[in-house]
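Record features, source TrEMBL:
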ACT_SITE  194  active site, proton donor
ACT_SITE  274  active site, nucleophile
DOMAIN    47-364  domain 'Glycoside hydrolase 35 catalytic'
DOMAIN    411-457  domain 'Beta-galactosidase 1-like first all-beta'
DOMAIN    526-591  domain 'Beta-galactosidase 1-like first all-beta'
DOMAIN    617-675  domain 'Beta-galactosidase galactose-binding'
C-alpha cells in the first residue's frame, strides 16, 4: 500500500560530510504516526507533528520577568506576531528558595502560565534546566547549593545530583501531562543549557540528566541541547540521545553556524534555539541595540533555508527584586534591572518597529493570525512624589535583623550564614587610635559585590547634663564626668542636634528619649566613608579612635549566570585590614529587609530621629495616589545615587543612575492601588539629593551611561 505524499516546504537536504544543501521543494512519504506525536525526521531533515512536516517560528518569554496579570497581553501579542511556538525557561531558584521549600503560587505559577499558552494556541519549547543562564541570578541554580562550600555545580558531584533529583521529581510531574503526546502543547524539552561553555565537561552528569528526564517524562518526548555555534562547545555540550541545536545572532555566517550543528547532527532539522534579537545591558555599559532591518534579514535567510528558529528574546521583561545575574568578562559585570533586551516587545510589552519587521518576514513563509495586533498598554506620568527620610539603616537593625547578629572572629560569607539575596551588615571596632589617614583594605575579590563603609566616631561627655524625658523636664540628672558616649550612642543609635541650646555656645542633643546639653560635648556621629567594590576600589582612607564602630553594608549584586565557575560566594570573602593589620571580632547581621517591608514597615511606624545627613545607607518613604487609574509607569531618580525601590511592598529592583545606562525603573500597573495611597520605600545606599523626590514618567529612559570618571562616588 502506497504511503500518502505530503509537501515538505523548504526542506534542507542533510549532508553527512558536515554541510547542508539548498532549500528544495519535495514530496516525502509519511509513515503512520500516533494521533498526537512530535518527532524528528532524520530522512527528510524535518520535525514531524502528528506525522506531518512541521517548522516552528518561536520567541522567548520568561514568566518570571513578567507580572502574572500581564501574561495574557504578552502571549497574545506573540501569537498575533505570527509565532506558532514560544520558548520558556523554568528558574529552579525561583521555585525552591530553600531546600525542600517550594513556591508555585502567584507570579510563580508555571502551570497556569503553560495552560494559558495552550489556551492561546501556542506550542511550547520548555527549558527546565537545571541550569538556564538567562542572565538570571546564578543561572537559575539556588544559592543554597553553596551552603556546601566545596560542591561542584553542574557535575556528577553526588551532593549536586541529589539536589537536582529532588527538584526534578517535583517539577517534571507537573510538566508530563502537558507534553504534546499527552494532549498538551509542549513539543520539546531542553536538557541543561549551553553546557559546552562550562569548564567541567562531565558526560556522566549529562547521562544522569538524560536518564532522569526519560524516567520522569517518558520515552516519547523530544529532548535536545543548545550550545554556541562553535565545534568546541558542542564537544562537551552534546550527548547521544539528545538532539543537538545551536544558537547565534544576526550577522553570523549561516553556512558556518549550521555547519557546526551538522557536524554533530548530520541529518535532522536545522535549529537555531537562540536567534538574538538584541542583547542584555550591564551597569556602566551602553544600552544594547540591534537594528530591526538586520534582525529581519537574518530571520528571512534562516527561514529560506527551512530552519527552525527561536528568537531570544521576543519579550525580555524585568529583573525585579534581586533576580538579575552577572557575567565575568575579565571583570565582574552585573546585569541591569531592565531586561528590555531591545526585543520586539519592549520591557513594558509594547510592540516595536522590530516586531512589525519580523511579522512581515513571517508572513512570507506562513499565514498570520486574523486580526489586529493588540495595542501598547496605557502609560501614565503620575509626576513628582516628594519623599522624606525615615531612618538610617543602622538605626533600625532591630527591625531588619530580628534574630540579632552572629559573632565571628573573622567575616563570614552570605552562604555561611544562609543569606541568599540582598544585604548583610558587618560590624566591628577600630582596635587602636588612627590619628592620620590609614588604608582600610580588602584583599583581591574580598568584597562581593559592593561594601558601603561607615565609621561611627565615639567621643565622651564633657561638662554637660543628661536625663530622661523631654527637653526641660524637671529631674534631669548629670551623668558621671567622662561617661563614654558609646553608652548613650550604641550601635543602632542616633543623635538629633539642636544648635543654640541652654546658654551661650552650648549644644543640645537627644538620644533615644534622653535630652542633654553642655558646652564641652563631644558627639557620637556616623560618617559615611565610601564604597569598596568587586574588581574596583579596594581601599579607603580612615581616621578614628580605638573603639570607634566600623560598619560595612555588603550588597549582593547578582551571582554569576554565565562563565567558567558558578561558585560565586557573596559578602566579605576575606578579612578587611586596617593599615595592613587584619580586623577581628565581627558582628554579622543578616538583613531581612523585604520581609519587614512586606509586613507594612516602615509606613506603619514613626520616623526615626537622625543626625547623619543624606550620606550612607538610609530609608526614605512617601506616598501618592493615582487619578482613578492603575496604568504602567516609569520612575526616575533625580539626584539619587544607588539603591532599591519598593512600591506597596513589591520589590521593583535596583536603581543606579550614577552608573547607568538605565535611568528609570518599570512600574507595572498591577503593583499600584486605586483609591488609596501607594506606599513608596527607597533604600538609598550612598547619598540622597537635598530635597528627595521621585519622578513618575510615561516613557522609559534606558540609555544614559555616565563616564567612568564620575563613578568615584557611585
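Cβ atoms are placed via backbone N, Cα and C, with glycine included.
For the domain 'Beta-galactosidase 1-like first all-beta' (411-457), residue counts in helix, strand and coil come to 3 helix, 26 strand, 18 coil, using DSSP. Across the domain 'Beta-galactosidase galactose-binding' (617-675), DSSP assigns 3 helix, 27 strand, 29 coil. Calculated from their C-alpha atoms, the gap between the residue listed as 'active site, nucleophile' and residue 194 (active site, proton donor) amounts to 11 Å. Around residue 194 (active site, proton donor), the same-chain residues at least 6 positions away in sequence with a Cβ under 8 Å from its Cβ are 133, 226, 227, 228, 233, 237, 247, 562.
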